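Asker: I'd like to ask some things about the structure below.
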Amino acid sequence: MGRTLAEKVWEQHVVRRAEGEPDLLYIDLHLIHEVTSPQAFDGLRMAGRKVRRPELTIATEDHNVPTVLGPISDPVSRTQVETLRKNCAEFGVRLHPMGDAGQGVVHIIGPQFGLTQPGMTIVCGDSHTSTHGAFGGIAFGIGTSEVEHVLATQTLPSYRPKTMAIEVSGELPVGVTAKDLILAIIAEIGTGGGQGHIVEYRGEAIRKLSMEGRMTICNMSIEAGARAGMIAPDETTFAYLKGRAHAPSGAAWDTAVEYWRSLRTDDDAVFDKVVQIDASTLTPFVTWGTNPGQGAPLDAAVPAPESFDDPIARSAAERALEYMDLKAGTPLREIAVDTVFVGSCTNGRIEDLRAAADILRGRRVVTRTLIVPGSMQVKRAAEEEGLHEVFKAAGAEWREAGCSMCLGMNPDTLSPGERSASTSNRNFEGRQGKGGRTHLVSPAVAAATAVTGRLTAPADL
Amino acid sequence: MDAFTTHTGRAVPLRRSNVDTDQIIPAVWLKQVSRTGFEKGLFSAWREDPSFVLNDPAYQGASILVSGPDFGTGSSREHAVWALQQYGFRAVISARFGDIFRSNSTKMGLLPVVLPGDTVEAIQAAVEADPSLELTVDLREREVRWGSEKAAFEIDDYTRWRLLEGLDDIGLTLRAADAITEYENGRQRWLPTTA
Ligand code: SF4
């Protein structure tokens, strides 16, 4: 019987297999940031261990960093960043600190350096590591104990998750983006729908996506509960990688591409679970609740809790409407927001900034609008294209790279009761600041919303 | 990590679904570089509400959390596990857990117990009817017992063994050091390095 892409990549990385035990999996790339690593380095130190393969490890400062120039004013944040610097120096790990040209959100810098390649295993102490699966590898988030384990051994004992196919047929209509698609998928299968599975996104609509769009899709796999998301590599993948700093070159490139072409699910392979989605019927999608599965087309109204048959979904909806201060039946287009955030590892890449700039060109924003590039390299690229001028002329704030208002560990937060339209990935209670209310949207919807002050699709302008 | 064999204690019913790790421990608490002191951050936003179940005097000192489905979704922060343990919880019962949370728990010796949704609700109802009710979570027998009731739960043999013995994964893996070296010698040369 044929094998799925996930099975092929997994098998390629099994160091040791024994009856009744998890596979010992080799890890090709380990990404580190300041929040989930200090206790792991402490553990190494206490046990007198070293980092086994520092050259397969890379670190960046992203969660705590301010997005305006200057030092970190919060002493606790500063200590955490300084701790990362000390640990990287002591253990010989390459670090991209604040202000460095290579600094950025951990899931943006891997692909931008060409370190994220097809067929690799990639881990990070961060759930959105699933982003890297867009290149056709297995990439997943781990906790701090596992970070320590990977630092010490470059391996991880893991049971192979089950496999799930999400087949997206048809073509996304004009004005409907990868973000709308993944929000619609999560609303369809639920926040637990992918639990215990590696999802492979397949089908015509996926093939037509750019690498940026594919990363947006895979990034949010975790919001559907999946262990990882992946997309088979193809010409789009190879074109994106070619010439990047750490991509193979010369004869090695040809060898690599030949191998990468074998990384696809065999025609007779069987998935444990299959979901079908028709892309051609989709419209811009937003969330109304406090988990990413609580979403609806922008054309719809806030749902009534009674409309959910499942009692658990009903009480979750009741709670969400109370927290979000929304009334059932209100058209989503009438929801007024105070702040718009464009950025994060979901939508902080150059294509996302272009999409926002296309809407804002020649228009003015009426809300506080933060545009935060996902990395310093994205920032430079945007400035070379003059996008920053578009944002500034529209009245938006053009910031330095970092996680920013995605989770509000730095000074960029919502105040209690404030409402945002955000291109990030989590609308959890208090995610963007205590008491803050988040609506997840695409960059185009975010920009259109900034212009009107209400949730708005670009086509409405 | 802490070994887990069997634990008897009182329980707190948390009648919410999708309890994400941002609720278990909000991001502001993640700035610390130590492994201790996270109990103060546990459910810190929800605990500001006097009617939140953890504030109910009837449940003080409880050591088993009984939650709605999809507990521990979202962020990979192991701080969520540390906060639960440091607050005094030894086990969490739910119909479904976020994958990373469940994995983090078993690394630390906090036992995630998966039971069917209606069994979880039955336990919640029993605890609400009598907050002094004691539950026993028995990893050897793979069952939860309360009053005259019991329910079996599944956990794979390997994870159970590690928890019963309180074994450190790194130590176990290093026994395979030769296999790791051998694997490394066979890796493709074009695979990237960060050097
Ligand atoms: S941008 Fe947001 S989701 Fe991505 S790594 Fe940073 S905090 Fe996490």
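Cβ from N, Cα, C; glycine included.
In case it helps, TrEMBL gives these features for our protein:
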BINDING   A:Cys345, A:Cys403, A:Cys406  [4Fe-4S] cluster binding site
REGION    A:413-440  region 'Disordered'
Asker: Far apart in sequence but close in space: which same-chain residues, 6 or more away, have a Cβ under 8 Å from A:Cys345 ([4Fe-4S] cluster binding site)?
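Answerer: The list for A:Cys345 ([4Fe-4S] cluster binding site) reads A:Val105, A:Val106, A:His107, A:Ile108, A:His128, A:Thr131, A:Asn219, A:Gly374, A:Cys403, A:Cys406, A:Asn425, given in order along the sequence.
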Asker: Tell me, how many other CB atoms lie within 10 A of the CB of A:Cys406 ([4Fe-4S] cluster binding site), whichever protein chain they belong to?
Answerer: 31
Asker: Give the sequence-ordered set of same-chain residues, not counting A:Cys345, A:Cys403, A:Cys406, with Cβ within 8 Å of the centre of the Cβ atoms defining the [4Fe-4S] cluster site.
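Answerer: So the additional residues around the site are A:Asp62, A:His63, A:Val105, A:His107, A:His128, A:Gly343, A:Ser344, A:Thr346, A:Gly348, A:Gly374, A:Gly402, A:Ser404, A:Leu407, A:Ser424, A:Asn425.
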Asker: Is it possible to get the count of other C-beta atoms within 10 angstroms of the C-beta of A:Cys403 ([4Fe-4S] cluster binding site)?
Answerer: 31
Asker: So, by DSSP, how many helix, strand and coil residues make up the region 'Disordered' (A:413-440)?
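Answerer: So the region 'Disordered' (A:413-440) is made up of 0 helix, 8 strand, 20 coil.
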Asker: Need the DSSP three-state call for A:Cys403 ([4Fe-4S] cluster binding site) to compare against my parser.
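Answerer: Its secondary structure by DSSP: coil.
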